[in-house]
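A.B. asks: This is the feature table in TrEMBL:
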- B:17-549: domain 'Cytochrome oxidase subunit I profile' (DOMAIN)
- B:40-62: transmembrane segment (TRANSMEM)
- B:82-106: transmembrane segment (TRANSMEM)
- B:162-186: transmembrane segment (TRANSMEM)
- B:267-286: transmembrane segment (TRANSMEM)
- B:293-313: transmembrane segment (TRANSMEM)
- B:396-420: transmembrane segment (TRANSMEM)
- B:474-498: transmembrane segment (TRANSMEM)
- B:584-603: transmembrane segment (TRANSMEM)
- B:609-629: transmembrane segment (TRANSMEM)
- B:678-835: domain 'Heme-copper oxidase subunit III family profile' (DOMAIN)
- B:700-721: transmembrane segment (TRANSMEM)
- B:769-793: transmembrane segment (TRANSMEM)
- B:814-836: transmembrane segment (TRANSMEM)
Amino acid sequence: MRILPKEIETLWTLFTAPVVWALHFLVCYVGAAIYCAKQDAVDFGFGVVRAGIGAVTVAALAMIVLSAVLAWRQWGFGTYDPPHDDPTPHDRRRFQGFATLLLSGLSFIAVVYTAMAALMISGCFQ
Amino acid sequence: MKPPPIAPEEVRRAQEKRLRDVWETPSGWRYWTSVNNTQVGVWYTATAFAFMLFAGVLALLMRTQLAVPDNDFLSADFFNQAFTLHGTVMMFLFAVPMFEAVAIYLLPPMLGARDLPFPRLSAFGFWSFLIGGAFVCGSIFFDAAPNAGWFMYPPLATDKQYSGIGADIWLLGLSFIEVASIAAAVELIVGTMKCRAPGMRVNMMPLFAWYLLIVAGMILFAFPPLIAGDLLFELERMFDWPFFDAARGGDPILWQHLFWIFGHPEVYIIFLPAIALMAMIVPTFAQRPIVGYSWIVLAAVGTGFLSFGLWVHHMFATGLPQISLAFFSAASEAVVIPTGVQIFVFIATLLAGRVIFGVPMLFGAGGLAIFIIGGLTGVMVALAPFDWQAHDTYFIVAHLHYVLIGGMLFPVVAGLYYFYPLVDGRKLSDRLGKIAFWLMFVGFNVAFFPMHLSGLRGMPRRVFTYPEGLGWDWLNLISTIGAYVFAAGFLVVVFDVLRPKSRQPALERNPWNAGTLEWINEPDENWGVRSIPLIESRYPAWDQQDLIRHTDEGRFYLPDAEEGRRETLVTSVLDAEPIYCMRVGGNAVSPIVAAFALGAVFIALTFEWWVATAVSAFVTLGAILFWAWTGTAEIPEKPGKDIGLGLTLPLYRSGPESVGWWAMFITMVGDGTAFGSLVFGYFFYWTIHEDFTAGTAGPGVLWPMAALACFVAAWLLMLAARGVNARGSAIGMRLAVGAALVLTAVGSLTGLYGPWVHGMDPTAHVYPAIVWVLVAWTAVHGAVGIVMLLYCLARSFAGKLTTAHDIDIHNVVLFWHFLTVTAVTTFAVVGLFPLAL
């Protein structure tokens, strides 16, 4: 049985991790904003919102880690060093893998930054 | 690699003559019908600089007024017009168009293409920009310029008493220019992804192209929210639909959201292309490849994404929940990481190389130093508590000028000095360049650094004067002196560009000994490259031996134009393998007519001249249809051609392999974003009200659902039409298209009937207004779809749309996918969401 999905040949995988960041950011912001606007109409506290943000953060980080692992494989598990500038499909794939890996790292940090907001702030405070 | 064979001398002479004839620049008045990137790029750049000088003069007027307390050099109202126009022109008519201009000029030679895939679209974009820009700038001479600040906040800007016609000029003039920006985005994305020279895989693309690809993608998601906002704004001003009027359920904050969802990414849309110029200049002046190519890609993509999570930091003082502020504060701090990576990559490249300190490097390095100061104050104002203190003061004015002038203007001047030989075959003066740099660098800091202090001492931005004795007097006087020094420096640059250089000897090609492909272009030939080379390196001019000579000898692809047509290659996205040979549009009047007619639509709308609007709209439609009919999806005289090096490629491709399909896809992504912004508006109003229908009637369920069913059925019919056409049945295709046409018309009318029959009055409250907007948006798209279907039918009857030549039907079906998503979303939201309340 294959644990990791088969490698796919496309430019779009490069954007996986930043897209996950964007969705995570949007869910956190929209979720909290709607809660704060409608808090009188619902019967749960801000703690639930924070727990929800925690849950989507874990899910987002897991997806980013998966994207990083796939990128690491595409890069060749670090066997080859940059700059990956040979005119071959092989080096092109290594480049894609390495750039995707870097983006996964940045997205991971950015998701943690977003989540930290919910760690520090305990209410809507308008 | 063994060098490709060379053709005999007389054959080459004949090839060159044919190529030269095909790509020749027209003379006389027809010169202006040229669509080639070398002409359009230069016009575009020159126009953007001209607008910049105009806005610079406005800035000097303002600085003169502020030089001393209680000054009466300018009236308060003129001052308002001056700062509004200054900001508007610098952002919309200089910073963004400048990057489009430079990209149109530089991208084809960098990618080894003869031209961009849609040269007529570039020309259309340029003419639109010129007309819209002249209209907006000209208003100040009639005392009618916009005067509510470059971000046009309601309720000030929706107040017709105060803002007069200026706000309409702003909204409509700039909407028109935004159309040009989206046209440029389409052009640049398709050009970068599909028109690279064979062998230029994604890991060998010039970094400029990487940046441009990301920036063009950002435009697709950043500009449409502003277009949607403009639409709502203009509906309020023209027809009194209360989107931003709190008394009738509207909310001015929605405008701020829509404006800054555009406005913050825009800062990076401006900054990234300028830094892209640095990514080309730094390796040349370090005489070595960039250190950390992949890291630059990381930075470009990362900044592109993160920049969409920053917009609320312009709204920290509006009373949003603190948790919301914190999310945006966090993203604002995170974007520092990729921004910093680029600067470290440049420093590392310079450290690893042997640096030559020419004028371009001087401007580049000086710009980065200024930018870093602006970045650091950016980190400060990204913290909400600090921002609450500094908000709307001169501290912000200082911050944004440090970022924009350091991050955009200085690198652009660096690029001007660097790329000038590519345009003219001569260098600008080193001596004048250095004088200009020091005047600008010193002048800039003298002008803007004191503003940090005047801001911290409480001076609000946009005041036209101030009393003495508040501790602002000297700081303002110093700023004014600095502004004049800075302007003097820029005038030296202008003089250097305009001074006659015919006595200066022409340089040989590639005078900086750069490594990238654009330098193999011949400045005195209009064809770009003599033959399209096979790329095997990131820096082909350094690494590929005899590349210039072999290219000039026509040893590579497309060395000839036997059929007398302008041609370039379309290659695959990842590995740049040749797919087909594309015939690009030649010089034409239709883009000019279309641009002028569309400009007339917007101008007539400003003055509410309805008949003129309708006539101009009709002319626009006619020009576009003529343009499409005569210039697109042309059936070639033979299925394929030999493009050299023993390779035969087809001349016609449809669906995802063709560039037209990609253009439609990209346009519709932008269109979808605008629609998404309107849907966001609907739900925004829901969040701010207890009952956002305010007890008024909705469109009901029946009519929206009937409309939804019609649109879905039309979509299925379109899928069937494409299928039966592929199987060879022209009649079946026509029947399916005809049925889809009827269903779309019925669906659009049914959709409009829902709010109509329930008597929804869009001026009474924001709820009926937003429902009408969504439904009308869908109906207008349905009408556009009907025009496309009629076009397909006409093409089919004319024998231009057949089983083998089916570009049109593929592209229209693609439009239909997006139309169906729009219709399903609209009718589900307006019909079903009220039930869930």
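Placed from the backbone N, Cα and C atoms, the Cβ positions cover glycine too.
Automatic prediction, not curation, is the source of TrEMBL annotations.
So that I understand the layout, could you describe where these features sit and how close they are to other parts?
C.D. replies: Outside the transmembrane segment (B:82-106), and at least 6 residues removed from its termini, the chain residues within Cβ reach (under 8 Å) are 37-38, 40-42, 44-45, 47-49, 51-52, 54-55, 58-59, 61-62, 74, 116, 122, 125-126, 129, 133, 136-137, 139-140, 145-151, 166, 170, 174, 177, 180-181, 184, 187-188, 208, 212, 215, 266, 269-270, 273-274, 277, 404, 408, 412, 415, 419, 422-423, 462, 518.
Tertiary proximity for the transmembrane segment (B:814-836) is limited to same-chain residues at least six positions away from its ends with a CB under 8 Å from its CB atoms, namely 661, 664-665, 668, 671-672, 675, 679, 682, 686, 693, 698-701, 703-705, 707-708, 711-712, 714-715, 718, 740, 747, 751, 754-755, 771, 774-775, 777-778, 781-782, 785, 788.
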A.B. asks: Which stretch from B:40-62, B:396-420, B:584-603, B:700-721 shares the most C-beta pairs under 8 Å with the transmembrane segment (B:474-498)?
C.D. replies: B:40-62
A.B. asks: Considering only Cβ pairs under 8 Å, which range in B:293-313, B:396-420, B:584-603 makes the most contacts with the transmembrane segment (B:267-286)?
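C.D. replies: Out of the listed stretches, B:396-420 contacts the transmembrane segment (B:267-286) most.
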